[in-house]
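Chemist: Below is a structure I'd like to ask you about.
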There are 2 protein chains.
Amino acid sequence: MPSLEFSLTATDPGSKARAGEMTTDHGKIQTPIFMPVGTVGSVKAVSQQQLKEEVQAQIILGNTYHLYLRPGPEVLEAAGGLHRFNGWDRPILTDSGGYQVFSLAGNRKLTEQGALFQSHIDGSKHLFTPESVMDIQRVIGADIIMAFDECPPYPSDYAYARKSMDLTHRWLDRCVTRLSETPDKYGYTQNLFPIVQGSTFADLRKASCEYISSREAAGNAIGGLSVGEPEEIMYELTALCCENLPEDKPRYLMGVGTPWNILENISLGVDMFDCVMPTRNGRNAMLFTSRGVINIDNKKWEKDFSPIDDGIDCHFSNFYSKAYLRHLVKAKEILGLTIASVHNLAFYLWLVKEARRHILAGDFNRWKNEMVPVLKTRL
Amino acid sequence: MPSLEFSLTATDPGSKARAGEMTTDHGKIQTPIFMPVGTVGSVKAVSQQQLKEEVQAQIILGNTYHLYLRPGPEVLEAAGGLHRFNGWDRPILTDSGGYQVFSLAGNRKLTEQGALFQSHIDGSKHLFTPESVMDIQRVIGADIIMAFDECPPYPSDYAYARKSMDLTHRWLDRCVTRLSETPDKYGYTQNLFPIVQGSTFADLRKASCEYISSREAAGNAIGGLSVGEPEEIMYELTALCCENLPEDKPRYLMGVGTPWNILENISLGVDMFDCVMPTRNGRNAMLFTSRGVINIDNKKWEKDFSPIDDGIDCHFSNFYSKAYLRHLVKAKEILGLTIASVHNLAFYLWLVKEARRHILAGDFNRWKNEMVPVLKTRL
C-alpha cells in the first residue's frame, strides 16, 4: 500500500519554519501540528467529542507500553484496533514503549534482544523487542508506528550515548524487517517513523540523522530531547537534526514542550509535536493562554468572571470564566480537570494553527518573536 | 412578579400519574422530570454542554450548604447569581441546606433559632436560620427555593417526629415572611417550595400536608423519605402525601431514587425528582440501562463492543462501548467517570420522558408494570 504522503505548502522566508500537509488513511493533517497524548486510549479527562469540537485535534497519540498492559493486545485485536475501540476515527500515532519502559516500569534490563521490565501496575514481567513492539503497534492499529529505541538519560557520557545510539540503529533495522514481513492489520497503511538519538553530542546526532535518513521512511522523529537539558541545547540539537533530515518528509520532535518551545522548534523546521504538558499541567491548575500563563488556583482569579481565554477559537475557553474554573479547582470538582485540559489542548492547537497561518503569510518569524515573550508572561 | 406556573396536560387512567408543564423565567419544564444534582455548581464530571446535548436536562439542582461554603455568597453575588457563574441558563432549584447540615457538617446543634454547624471543609462555625437560608438562596439566584426544614432520621420515635415537624412548620412561616420582605434578586421570579415532613407516621404526614397546603405555594415537596426506610413504607407515605397535597401544583419527592422508585412514585402522583444516585453510582461503575443494571467493572464486559445502551436517545450511550468504558474504569481514567455519569443521567431523563409519553398515550400503568422488572434485572 502507498505510504503516508507529505507535501510542503510554504516555507517561512525568515526562518526554517514550514507549513505542510500529511495524508493518512484516516485523513489529512495540516502541519505544523500538535498531537494530544491519549496514553491508555483516552486523552486524560477529555471526551472524543470534545477533542474534535473544542480542541480541534487532527491526530492523537497512544502509548504502546500502557495499551499493551491495559486493555492488552487481545482486547484491542478483538475490537478491530484502537480506532474502533475508542471511537477516534482520525489518525493515531503510537510511541514504541521504549521511553515508558525506562521512565515507569520497574526492574528494567536492557539487552541486545530488547528490554525486560516489570509492569508498574502488577509487577508482572514482560519483554519488549523491536519485533514484539512492531507487532503490538500493528494490533493497536496506529497510522504512524514509532521504531523501538533507547532514550538515554541527560546527561549521558559519550561512550554510553554512542553505544545506545548504535543499539537504537540495530533495533531500527529489526523494526523495518519485521514490518516488511507483516501486513497492515486492518486494511489501512501503517507507517514507520525511525527515531534519531545521540544524546547531546553533535557528531552522534549527525551520524544518527544520516543512518535514519538512509532508511527513507515516510517521516522521521527526533528523540532524547527535552529530558532535562537546558533549552538552548535542545534548540541547537533540533536545528542540527532538522538540517540533517530529509526536507521532503515530516519531522517529529518527541515530547516537546512549552508553547514557546513549540514556536522556537517550528522556526527550526519541526512539523510535529506531542507533550503531556497541556493535560498534566492543566490538571495541576496551570493554564496556557494567548496572553500568558495563569495559575488558576490563585486568589486573584476569585472574582474574575472574564472568559478563560477569549483570544482563541474554542467554545469552552470562551464559555467558562476564570472564577468558575478556579472554584471548580478549589472544590476538587472533576469538571475543573476537564475544562483545564480542554482549554490547554485547544490553546496548543490554536497556537500551531496560528503558526501555520503566519508561515503561509510569510511573517512567521516576526510573529514568533513577538509571541514568545507574551506566552511566557506570568499573569 | 407572577409565580411559577403549572398546568396539567394529562392524567393516567390506570394510576395517579400525571404529565404537566412548569413555566419558570428560565424556561419550561415538562413533568414528570428528573433533576440532576449539581452540588457545588457543577453536576459532577459532566460539562454544561453535555448536560444540554447528551443528558437533555431541563433543570438542575444546587446545594445551598455547599455553595454557601464554596465559592460563598460574596462570589456568587458578584457573578450575578449561579446561572451567570456556571453558565447554566435553564432553571435551577436549590435545596435549603438542612439535609446537608445533618448529613455532612460536624458539631451540629439545633435550636429554635436555626442550626449551628461546623464546615466539613475547614471546621469553621456557621449558623443557618430560615432567614439566612432564604437570603443565601436569593443570592444563589435559584428559580425554585426550598424552605429550611429538619429532616428527621429513620427510624424516629413519634414524639421526636412530631416536635421536628412542628419546628419545620414554624421555620416555614419564617421563610415565607423573609421572602415576602426581600425582592427577587436578579429580575426573575424566585419561587418557594415548602417541605412536608412527619417521618413514617401517617397522621403527622397528613397534618404536615394540610399545613403546607395552606401556604398555597407554587409547588410542594415531600421530604424525609428514602432515608433508610423499606421501599413499601416510602410508597405508602408518598401515596398519602400526594393525596393530601394540591392537585394543581407540582409535587417534588426529594432525594429519590432508583429507576424503579421513580416509576412507582410517578404512578402515585409525583412530578419532580432529584437524586445523586445516577452520578454517584456511575462513578462507582454501576450503570442503569434500558435493559437493566450493569456493573461495568465486571470481566464479562471486557470484549463486549456493543454500545453502553442503544435503547435510549443519548449520543454518548450509543457511541461508547461497554468494553471501552470498562477499560477506562479499570485504568481509573477520568473519562470513565464522565461517560458513566453522562449515560446514567441521560438514562434517567430518558426514563421520565418515556413515562410522560406513556401518560399522554394513556398506557402508563401497563408500561410501568412491564418496565420495573426489566429495570431491576442484573445484567
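Glycine is treated like the rest: Cβ placed from N, Cα and C.
What TrEMBL lists as active site, proton acceptor is A:Asp95. Sequence annotations record features per position, and here TrEMBL assigns active site, nucleophile to A:Asp274. Per TrEMBL, the feature substrate binding site maps to A:Asp95, A:Ser96, A:Gly97, A:Gly98, A:Tyr99, A:Asp149, A:Gln197, A:Gly224. The feature compositional bias 'Polar residues' is assigned by TrEMBL to A:1-12. Residues or ranges marked as domain 'tRNA-guanine(15) transglycosylase-like' by TrEMBL: A:16-372. Under the heading region 'Disordered', TrEMBL lists A:1-22. As annotated by TrEMBL, region 'RNA binding' applies to A:255-261, A:279-283.
I'd like to know what surrounds each of these features in this structure.
Modeler: In the three-state DSSP reading, A:Asp95 (active site, proton acceptor) counts as strand. Taking all protein chains in view, 31 other C-beta atoms sit within 10 angstroms of the C-beta of A:Asp95 (active site, proton acceptor).
Look at A:Asp274 (active site, nucleophile): DSSP puts it in a strand. Long-range C-beta contacts of A:Asp274 (active site, nucleophile), restricted to its own chain and to partners at least six residues apart, with a cutoff below 8 Å, comprise A:Phe34, A:Met35, A:Pro36, A:Val37, A:Leu61, A:Leu93, A:Tyr252, A:Met254, A:Gly255.
Using a 10 Å Cβ-Cβ cutoff, A:Tyr99 (substrate binding site) registers 22 neighbours.
Within its own chain, the compositional bias 'Polar residues' (A:1-12) is flanked in space by residues 18-24, 143-144, 184, 188-189, 191, 218-219, 247-250, 267, 358-360, 362, 364-365, which lie at least six positions past its ends and keep a Cβ under 8 Å from the stretch.
Sequence-remote contacts of a segment are chain residues at least 6 beyond its ends whose Cβ falls under 8 Å from one of its Cβ atoms, and for the region 'RNA binding' (A:255-261) they are 99, 223, 225-227, 231, 234, 273-275, 277, 288, 347-348, 351, 371-372, 375-376.
Sequence-remote contacts of a segment are chain residues at least 6 beyond its ends whose Cβ falls under 8 Å from one of its Cβ atoms, and for the region 'RNA binding' (A:279-283) they are 36-37, 43-46, 337, 340-341, 343-345.
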Chemist: Measuring Cα to Cα, tell me the gap between A:Gln197 (substrate binding site) and A:Asp95 (active site, proton acceptor) in whole angstrom.
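Modeler: On Cα coordinates alone, these residues lie 15 Å apart.
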Chemist: Near the substrate site, what residues other than A:Asp95, A:Ser96, A:Gly97, A:Gly98, A:Tyr99, A:Asp149, A:Gln197, A:Gly224 in the same chain have a C-beta no further than 8 Å from the centroid of the listed C-beta atoms?
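Modeler: Along the chain, the qualifying residues are A:Met146, A:Ala147, A:Phe148, A:Glu150, A:Cys151, A:Ile195, A:Gly223, A:Met254.
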Chemist: Cα of A:Asp149 (substrate binding site) to Cα of A:Asp95 (active site, proton acceptor): how many Å, rounded?
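Modeler: That separation, Cα to Cα, works out to 10 Å.
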Chemist: Which residue counts does DSSP give the region 'RNA binding' (A:279-283) for helix, strand and coil?
Modeler: 5 helix, 0 strand, 0 coil
